[in-house]
Amino acid sequence: TLLLATELSQSVCLSVLKMKQNTNLLPIFWFVLVGFGVVSAQPCVNNAFFRPNSTYDTNRGLVLSSLASNATARNGFYNGSIGQGLDRVYGVGMCIPGAEPKLCSECIQKASDGLLQSCPNQTEAYTWSGGGKTLCMARYSNRSLSGSLDMDPPSLGYNVGDIKTNLTEFNRTWEELMQRMITKASTGKDASLSDRKYYAADVAALTAFQNIYALMQCTPDLSSRNCKTCLLESVGDFESCCHGRQGGYVFRPSCIFRWDLYPFNGAFDHITSTVPPASSPAALISNTTIMNQKDSKTISKGVIVAIVVSAVFVFLVLASLGFAVCRRKKSYQSLDRQSGIDITTTRSPQFDLKTIEAATNKFSGSNKIGQGGFGEVFKGVLPDGTEVAVKRLSKTSSQGAREFKNEAVLVAKLQHRNLVRLLGFCVEGDEKILVYEYVPNKSLDYFLFDPSKQGQLDWTTRYNIIGGIARGILYLHQDSRLTIIHRDLK
């Protein structure tokens with residue numbers, strides 16, 4: 001079952017920072033982006049509204065419909081306005097440098113259409129949107145946007161996977177890349193794209209087989225100082241909330257920052273990574289040979305020892321990896337024979353049954369929080385203190401295997417902040433268990449149909465809940481890597 005979450009703040013799209021400031025609100029089910037193949041964030045600024053079918057409404061539509069063609073004709077950036085006095089609407093359209101004109105136009109048009117749908121009567125809103133070979137921004141307001149540094153509302157997302165390599169080395173490489181890019185993006189023009197200011201896309205080698213890809217961009221009408229301020233705060237916000245994750249983004253009206261462990265948006269097609277620090281056997285040999293010529297015998301022995309030690313080390317590593325792969329493959333094949341389920345594509349961690357039993361006090365009745373046709377749901381606490389919801393599929397249900405396959409495989413591939421986060425799974429014997437994040441305030445009906453709790457949901461909150469559900473459904477139907485039409489949304 002795919003659980004849709006709700007958004008409960010005054011802003012339609014919340015950043016993680018604003019979530020922290022609203023701990024008294026009904027929590028939303030965070031299932032943030034694992035892959036950013038299609039990225040879209042549409043914060044509506046809810047501090048002023050206009051009447052439908054008003055002159056301002058008409059001018060807004062005209063501005064948004066003109067952004068795509070104007071931005072494409074002006075090398076990927078346009079800042080203009082339509083109307084007079086209080087009915088004047090200002091608009092901005094922008095694509096990342098290097099985008100093909102057709103792709104840029106299509107991206108901005110899609111973003112503009114999204115603003116019309118998601119922000120029906122707000123006087124100000126913006127969106128960063130993209131997929132495939134480009135990334136773009138569309139924005140409108142009832143005030144001039146030229147040269148204005150606007151930091152709010154931010155929109156933040158991150159990859160739920162954690163960095164698996166040496167975290168100390170990763171931090172050093174990542175921080176050096178961020179510092180280099182902030183300087184590059186905020187102090188002038190990219191050498192390979194001399195016609196555009198305040199943009200940088202760069203790659204840093206994390207290991208011999210893994211790179212860090214990052215992109216930063218400010219609107220070119222900002223000052224260098226304001227661009228640097230926007231990017232510094234965005235990088236700082238990501239570090240504060242999501243340190244150690246495998247990727248993420250921070251979108252703001254005036255700038256964008258995104259990084260990942262794979263290329264995205266066509267921004268790195270002509271960029272190569274820097275060489276990682278040498279730590280290979282070849283480096284050991286080279287260091288050994290740079291010695292005094294008088295010690296030629298020592299040199300020869302050093303080279304021989306280095307080669308032998310390196311060869312033994314490589315053999316042991318390959319043998320260990322082979323054993324681990326075979327062992328892992330065997331456990332999955334055993335599962336396939338028993339239940340016909342292929343879960344080798346899931347990216348969520350696998351828990352052992354003992355851990356789950358300890359977390360739920362051996363599925364104690366006092367920990368039970370739900371019951372359905374699929375089985376039972378228990379509240380649990382993992383060894384690190386994380387509260388979880390444990391879904392134990394019924395052993396007698398004829399649909400148990402299919403339920404497990406649908407949730408363990410599909411949910412692991414669907415990533416959206418309005419979907420509940422799948423933390424992992426457990427398969428041992430005839431036990432099939434899914435582990436989700438725990439949401440203490442239960443489901444929405446717990447508030448809607450309880451007279452004592454109905455007052456906690458005013459009409460503004462309910463309106464935002466409806467909008468959040470609609471965006472979740474839109475993601476499932478159109479924007480996810482897998483098109484999902486699900487009959488049992490909650």
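Keep in mind that glycine also has a Cβ here, set from the backbone N, Cα and C atoms.
As recorded in TrEMBL, the features of this protein are as follows:
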BINDING   LYS391  ATP binding site
DOMAIN    38-145  domain 'Gnk2-homologous'
DOMAIN    151-264  domain 'Gnk2-homologous'
DOMAIN    363-490  domain 'Protein kinase'
TRANSMEM  28-50  transmembrane segment
TRANSMEM  303-325  transmembrane segment
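Counting residues of the domain 'Gnk2-homologous' (38-145) by DSSP class, helix then strand then coil, yields 40 helix, 41 strand, 27 coil. For LYS391 (ATP binding site), other Cβ atoms within 10 Å of its Cβ number 23. Here the domain 'Gnk2-homologous' (151-264) has, by DSSP, the following mix of helix, strand and coil residues: 39 helix, 39 strand, 36 coil. For the domain 'Protein kinase' (363-490), the model gives a mean pLDDT of 75.
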